[in-house]
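J.: OK, TrEMBL features for this one:
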COMPBIAS  329-365  compositional bias 'Acidic residues'
COMPBIAS  366-388  compositional bias 'Basic and acidic residues'
DOMAIN    1-79  domain 'FACT complex subunit SPT16 middle'
DOMAIN    204-294  domain 'Histone chaperone RTT106/FACT complex subunit SPT16-like middle'
REGION    323-422  region 'Disordered'
Amino acid sequence: DSRHISEVVQSIKTLRRQVVARESERAERATLVTQEKLQLANNRFKPIRLSDLWIRPAFGGRGRKIPGTLEAHVNGFRYSTTRQDERGDILFGNIKHAFFQPAENEMITLLHFHLHNHIMVGNKKTKDVQFYVEVMDMVQNVGGGKRSAYDPDELEEEQRERDRKNKINVEFQTFVNRVNDLWGQAQFNGLELEFDQPLRELGFPGVPHKSSVFIVPTSACLVELIETPFLVVTLGEIEIVNLERVGLGQKNFDMTIVFKDFKRDVLRIDSIPSTSLDGIKEWLDTTDIKYYESRLNLNWRQILKTITDDLRAFIEEWFGESDKGYEPSDVEPESDSEDEASDSESLVESEDDDEDEDSEDDSEEEKGKTWEELEREASNADREKGNESDSEEDRKRRKAKSFGKSRGTSLSSSMPKRAKLR
């Protein structure tokens, strides 16, 4: 029976897929760091609650996705839906960074937690957990007809969307403020937790993974929290930033972030518009992060391998030659104080004095000759040399003539010289 055989084969494939997923989940859970249990709030301490949220990454399983509720308990958060198997805990001690990003030009308002250690959300292992709400409905005009900007229905719909966005942002802000007050208590001082908010005015577009996204700095991180996979870079872990393909005529450039842990791969953000270059440099200056510029992309994998293998050889290879006796020609040497400057000037002056004393004997010989004798020697030398454009016969004739004059000087030396008019 071919139909029966097909059903059996399909059942075996489904069972095999379930077994592989269960084993891989078990292997991932075995690598997780053991954490303390969540202490639920009681009657004395009521949990801080925020409802109707979606979670990313989403829980696995088939069926319609349903929103859930995020609650702040004694030592962590718990997110749960009406389904018993959809529940996740985030302990305060495991939170490395917490972000609150209200909807401005985006479609969602979100809370994002970047963790120290991985946790399981459903059957997914992750370090980033996000809770969000869509602030406006995705409505598509099927008819495709244009609507007037003064259409009363259009204006009313825009007003409803603004009111909904403001209402959601206020609810999130209230939740964030209450949690910040909770984190400000004495028992959480060691965690140094506080919700950070991205600074949109410092943001810039770039490609950290596969698609172009809008990357925004915060007070402690560089983040992109809208598109997946998320980007969260801790500024304190950055060693240097190299701005590559920077040059005249380039519309885009790349940013390479090198971390203090040289065994960690560098992070590349490609295709940043050149119009964002000055703003990025200013932001890097304010955060005291060293940055460099290069016209080409560097092979950072080989560079980091050289650093980890032999740091001294790397320093000599990359910086040894450029540091020996090199002084920029267009930069005046700086001194730490006016005293050092005066000392250096005195050193220069004393050396010049010594040179003047050494050259006194040489100059005395020159002082013994009069101006007329020096002028005569110079004119004789010019005549012997001749013009480069003259022929060989002219130079020989001029040389013989000057030789004859030099022989006759002994005879005419006793004749009185005519005074030259000055």
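Placement of Cβ uses the backbone N, Cα and C atoms for every residue, glycine included.
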J.: Which residue counts does DSSP yield for the domain 'FACT complex subunit SPT16 middle' (1-79) in the helix, strand and coil classes, in that order?
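T.: Helix (H, G, I), strand (E, B), coil: 29 helix, 18 strand, 32 coil.
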J.: Run through the domain 'Histone chaperone RTT106/FACT complex subunit SPT16-like middle' (204-294) and tell me, per DSSP, how many residues are helix, strand and coil.
T.: 16 helix, 43 strand, 32 coil
J.: If you average the pLDDT over the domain 'FACT complex subunit SPT16 middle' (1-79), what number do you get?
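T.: A mean pLDDT of 88 is what the predicted model shows over the domain 'FACT complex subunit SPT16 middle' (1-79).
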